[in-house]
Amino acid sequence: FPVSESEGAVEVALDVGFRHIDNAHLYGNEKEVGRAIQKKMADGTIKRNDVFYTGKLWSIFHKTELVEPNVRQSLETLQLDDMDLFLIHWPMSLQAGGDYIPMDENGKILLDMSTDLCAIWEAMEKCKDAGLVKSIGVSNFNRRQLEKILNKPGLKHKPVLNQVECHPYLNQSKLLDYCKSKDILLAGYNVLGSHRHKIWVDQNSPVLLEDPVLVEIAKKYDKTPAHIAIRYQIQRGVVPIAKSYNPERIKENFKVFDFELTPGEMQSIDGMNRNLRYTDLKP
């Protein structure tokens, strides 16, 4: 993550009109993102209530006693009184006390099998009750993992959102239907097919924005394939998270509110699904 570019990118995004900032402790840029928000509040571009800030609990903080201190640490770094939304970043737990991605001498990720998702959720609920976060949710959860939380005895606050990889090659239609049936919002990352970072992404995977279906529809509306991919998510009720550090691209990505895809075009994009994950973290 290019931390040094984060502050400028957030400033540009807020100037353009973006109001949802999706971030995470893991990304290591809370200080820079917080500074950009403070700067834009100081110059009158935004008020705190205009911005919807999402943070995430990384997998080495899955001990119940670590959850609230992690939230408080993030808030202090961000210079914010609270977060609008706080998510469990991944359902898997990693061994605490060392690196962000702890590994053994053979390069195998060290999981912590002793943690209980329901216990972590109760610690998340306490953060909400303490006023540190306004809403709580999850990320990268499948239906079974969501049901574990939803069916938890004594559930106080249910997850309001599940953030998962979602794009035309992985449209998550079954999970989307399930979340809608439970009144849980689905947010999508990699909506443009990912940044193709060598660490996370198979370099032989197809480039989403070169797909002829998106290219063809984009021509019709005098838009880019990225516009079509973002608009597709908006129309199906998915919150699209488009990541960019490029000022021109950030401005471009916002131009999705002046056209609408037809039911036939939505169906064509649905037909692109091939259950392809760009971000596939295998322990």
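The backbone N, Cα and C atoms fix where each Cβ goes, glycine too.
The following features are taken from TrEMBL:
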type	residues	note
ACT_SITE	TYR27	active site, proton donor
BINDING	HIS89	substrate binding site
DOMAIN	5-273	domain 'NADP-dependent oxidoreductase'
SITE	LYS56	site 'Lowers pKa of active site Tyr'
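Overlay of TrEMBL feature records on the structure.
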| residue | record | Cβ within 10 Å |
| --- | --- | --- |
| TYR27 | active site, proton donor | 16 |
| LYS56 | site 'Lowers pKa of active site Tyr' | 26 |
| HIS89 | substrate binding site | 20 |
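Looking at LYS56 (site 'Lowers pKa of active site Tyr') and the residue listed as 'substrate binding site', their Cα atoms lie 5 Å from each other. A Cα-Cα distance of 11 Å separates the residue listed as 'active site, proton donor' from HIS89 (substrate binding site).
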